[in-house]
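Features reported for this protein in TrEMBL:
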type	residues	note
COMPBIAS	489-498	compositional bias 'Polar residues'
DOMAIN	244-395	domain 'Oxidoreductase molybdopterin-binding'
REGION	489-517	region 'Disordered'
TRANSMEM	67-84	transmembrane segment
TRANSMEM	91-112	transmembrane segment
TRANSMEM	124-148	transmembrane segment
TRANSMEM	169-190	transmembrane segment
Amino acid sequence: MTRKSWRFGALAGVAAAAVALGLAELIAVVTGSRSAPLVAVGGVVVDHVPESLKQFAITMFGVHDKTALLVGTAVLLALFAAVIGALSVRWLAVGFAGIGLFAAVGVAAALTRPNAGPSAALPALLGAAAAGATLWLLVVGPLAPAEVTELVAPSVHEEEEAVEGRRRFLKSSGLIVLGAVAVGFAGRWLSTRRSVSTARAEVRLPPPATPAPEVPAGSDLRLPELSSYVTPNDDFYRIDTALVVPQVDPAEWKLRIHGRVRNEIELTYADLLARPMIERYVTLACVSNEVGGDLIGNARWLGVPLKPLLDQAQPLDGADQVVGRSADGWTCGTPTAIMRDGRDAMLAVGMNGAPLPIEHGFPVRVVVPGLYGYVSATKWVVELEVTSFADYDAYWVPRGWSQQGPIKTESRIDTPRGRNSLKAGPVTVAGVAWAQHRGISKVEVQVDNGPWQEAMLARAVSDDTWIQWSWTWEATNGDHVLRVRATDKTGQTQTSQPADPAPDGASGYHNVSVSVG
Ligand SMILES: Nc1nc2c(c(=O)[nH]1)N[C@H]1C(S)=C(S)[C@@H](COP(=O)(O)O)O[C@H]1N2
Ligand SMILES: [Mo]
């Protein structure tokens, strides 16, 4: 056994793994993209990694955390495949056992994803079979380099043949890897073509029975670094556990309101669109948002109010939780009382004048003003199950997050930023503040350890949205720290006590260090 043959084996292993994954992606076009082993295993990882790691991923990679996970998984898999391939040069059985093990993991992951049918096992199974064939072909079969079968005291002719054999091996394994990658990407591309974007383009949303109030003049200060008052759909943060965006066809969509209710309700998309709609500006915020972070956005939502629907369903006494369930099995628990207290809790179908973007929950999601997204904003919602907090913990609760998630009063400085070069003299300090459903009454800014000074508040559509603020600072040369705090309309000033996002939202004052001069 030479070092070279180990390396050939490693390459054979990687080629076999590429064939498995590439073919699996292609089969998943038919069996559903969540049955592809990379996505299925990634999904299990997402559901089971420790919370701290997930928060780390969100902090590190932001909205690219999913791509990072898929790429990371592929790289890890390639490393394992290389090791197993190298070992299979000596012990072919190890190679087949390794493939079997990965197939088992892939099948188990695919079959245990929510709503998976038996066909979900096919991509991993057929992929593994093809990987086995590839490994055999490259390690002992017609494409194996001579070295792999070991030469003792070779003649010149045998030597030449060996060189030729190695060349053939390298060329064919390279081609196999490239071909497999191409097939894999083609599979992914075909899967996305089976998306519901055509169905979405055909949706005609009805006009609202009660339109959103006009955005008052002066609610958007339009400063270069300040977040706009209304967040365009393309800039809206996205947070969810879905590795591939669920594709829910509105023609097949149904919502079941059931559980501890007197009257079960089932609605189709057409039923929903036939009901009177409201249109409201609501600022959505993620509980994972760090102080100063950008997992928050404000949109105009069009939807059907939830209160009348729940009134019609008639929750039983003690049924204090409504669990939203998405097409991909994610769950979220909202207090029944909050959904019925008269605030604009809704089943949203439109966002900023367009049908919901697919990644924001098309065709239907829940929006509830005043609550973090993880306890209110179920995207791709297909079920509302009325139950109690005592009887059911939704997705994030066993993972260390609080059952109750009212949004904390918070504020953020958007400008200036630490990297800006500032001159002494008047400098506009500005940002946003939010306390959804309570409203903001006051924002104050502090320079270094000076007195708190009241900022000017822009206007807002309602207490359910964030609000912009600004304050003119007479900047002096030197290094300074700018700090902000908000007070809500109940009279509560946000706490200065720093807290991590887990378990129920970050707190503390946002500050920015700047140098002037
Ligand atoms: N189906 C589903 N809905 C979900 C989630 C999810 O993981 N799956 N995440 C929630 C969380 S934590 C937040 S903050 C909001 C984010 O909504 P957005 O991606 O439209 O901004 O969606 C909520 N709805
Ligand atoms: Mo969130």
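Cβ coordinates come from backbone N, Cα and C, glycine included.
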Folded-back contacts onto the transmembrane segment (169-190), same chain, C-beta under 8 angstroms, at least six residues removed: 8, 11-12, 14-15, 18-19, 21-29, 33, 36, 134, 138, 143-145
What does DSSP give as the helix, strand and coil breakdown of the compositional bias 'Polar residues' (489-498)? 0 helix, 1 strand, 9 coil
Give me the mean pLDDT over the domain 'Oxidoreductase molybdopterin-binding' (244-395), rounded to a whole number. 97
